[in-house]
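Feature annotation from Swiss-Prot assigns site 'Transition state stabilizer' to ARG94. Taken from Swiss-Prot, the feature active site, proton acceptor covers HIS98. If you look up Swiss-Prot, you'll see HIS261 marked as heme b binding site.
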Amino acid sequence: MSEHSRCPVTGRTAGNPVAGGGIANRDWWPNQLHLDMLHQHSSLSNPMEEAFKYKEEFGKLDLKAVKKDLYTLMTDSQEWWPADYGHYGGLFIRMTWHSAGTYRTGDGRGGGGTGNQRFAPLNSWPDNANLDKARRLLWPIKQKYGKKLSWADLMILAGNYALESMGFKTFGFGGGRVDIWEPEEDIYWGKEVEWLDNKRYSGERDLENPLAAVQMGLIYVNPEGPDGKPDPVAAGKDIRETFGRMAMNDEETVALVAGGHTFGKCHGVGDPKLVGPEPEAADIEEQGLGWKSGYGSGKGDETMTSGLEGAWTPDPIHWDMGYLGMLFKYEWELTKSPAGAWQWKPTDVAEEDLAPAAHDPSKRVPTMMTTADLAMRMDPIYGPISRRYYEHPDQFADAFARAWFKLTHRDMGPKSRYLGTEVPEEDLIWQDPVPAVDHELIGDREIAELKKRLLASGLSIPELVSTAWASASTFRGSDKRGGANGARIRLAPQKDWEVNQPEQLKIVLQKLEEIRQEFNDAQSGGKRVSLADLIVLGGCAGVEEAARKAGTDVTIPFTPGRTDASQEQTDTESFAVLEPLADGFRNYMKKKYSVSAEEMLVDRSQLLTLTAPEMTVLVGGLRVLNVNFGQSPHGVFTTLPETLTNDFFVNLLDMGTEWKPLSKEHDTFEGRDRKTGEPRWTATRVDLIFGSNSRLRAIAEVYGSDNAQEKFVHDFVAAWNKVMNLDRFELG
């Protein structure tokens, strides 16, 4: 064998495997618990220095200069990818829409907040065809501003300024989206293994949770109709389900569709079989670009993207009422695009309602509508809304501006996270507003006094700890919703969630409110404590007392400043999606699910931004603190409950215990003395996974060691403090 074919470092030949190749553990054991999602986006994959703070860099940005550069780019048509109608606005709007539009309310994942459209699988979804060109067109802008402007912000900003450059007044823009540097491993996009497959339905047409899109690789619905069948009324049902799961009501949905489709065109000339592979599958010389078409030049008027062909309006680069005007002015006839996709054409169209050819303004061509577009007229709910918008252009413009702002900011959390000079002043209900602090905050002396009152109140350690956990653990790192700030645990719908044990919660909250009122009334100055702060402080006091009982004195850091939201500031329907279907930290399962309890624990831990060690120490600590749902004994592996010991780990790892399932589903278990057969403990899958899974057992062994008690307490306190403050963005 030639020495030229041998690696000078490893000695391997060209045909040999390399590091990282071969069969992975998950190939051998596909049901293995997926813990890697807890350790994403570390400094090991991030090229930015540790001290880098995007908020500070964005603050140095001149948005007016960025806007000017983007305006220039919009009409600077490039030969390698010419602009339709001489304006890239439609392309950038689609890029922005598809970046933000992956958001779903079920778990808060997706959306445009991380710049994830740059990575697989999104960069290669069929619905994102040729958006690689949009991002490549933006590279000179990104290159110019570098670390001051993230890709995530730029992809949203480009769509906003595209709208403005074509005559539309947007609602505003908030920056602050921080880029990720690797694909997200936590987002479930579906079980399908082929593009555009739809094995996500059960029953008549029940879409699997938490998914929102109807097919693998689509952002929303199939524009040709459900399963490619051109039925506008049936399409309306799909649209309502999908947009609803993306946090949009019927009026917002119509505004988004009608407003967004006022601009740009679809591309569907030539044979789809002539389109090359997506970016992730393209050859190396394509340099990250995909979908190279062999039809003619493959660009301009010979572009192939969705397979649909044509513009929606006679003037696709200006804001007007053209979309709704065409929708209601004409009857529509089913036809097929040159690429063979179902679409609709207007009958007896007038000359003035023809659109210019995208790359030859001397030619006039018919407009089109998709099956999904016709749902805006034919659906019994969407139809009247569309008609009202058509008859009231100002109302339509305002609705689209607000819906577009919601689309592009829904995953960013509260308004306090928005950056820049274009943030609108108005508070919006979907931003989960909380009041500003309007009083002097308590200090160390008052904090110590309140802890004494809380511990002397008659409330138990489990009551104090479980209430604080219930309040804070609603937080989702995905869309930055939930958390203890606002004290919404006392409001609908949270006060009535089964997992929060409403009867017990009511008693605890009444006692906490008494303490709060008595304390505030006794203050001669302006100091006050909010119920939100007191709930968290009560949990901290309970943890500290439990640690003291175990022989370790600790003080949990406490920073006041939370405020109490009102019911009027709380959208009950919107908050309903935050209800835990399972909370392994409290050993709670609402019902039996197709996924295991331990998988749901890892999922919730990821939403809480916890690492595997943090998840492990929290479960072990909360078990001995006796905060299980319904005070269940499962996993309470201690004879000293309400004492913060490492007993959970010591007894879990005790080989003197033999475990047997109590149910045929293997979801509850009994541990008996291996010699005598005497019962010792009961447990759930969430408890036993820390002894069964090799990675979690390795962590459990750290905390189960004879000299681990102090480390266990301090690690528990650190993880507890993290959860209590997840929504305190102002502290970051």
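Including glycine, each Cβ sits where the backbone N, Cα and C put it.
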In the chain carrying ARG94 (site 'Transition state stabilizer'), residues 6 or more apart in sequence that have Cβ under 8 angstroms from it: LEU131, ALA134, GLY264
Among HIS98, HIS261, the most crowded of the recorded positions [Cβ within 10 Å]: HIS261
HIS261 (heme b binding site) - helix vs strand vs coil (DSSP): coil
For ARG94 (site 'Transition state stabilizer'): DSSP state (helix, strand, coil): helix
Rounded to the nearest Å - Cα separation of HIS261 (heme b binding site) and the residue listed as 'active site, proton acceptor': 13
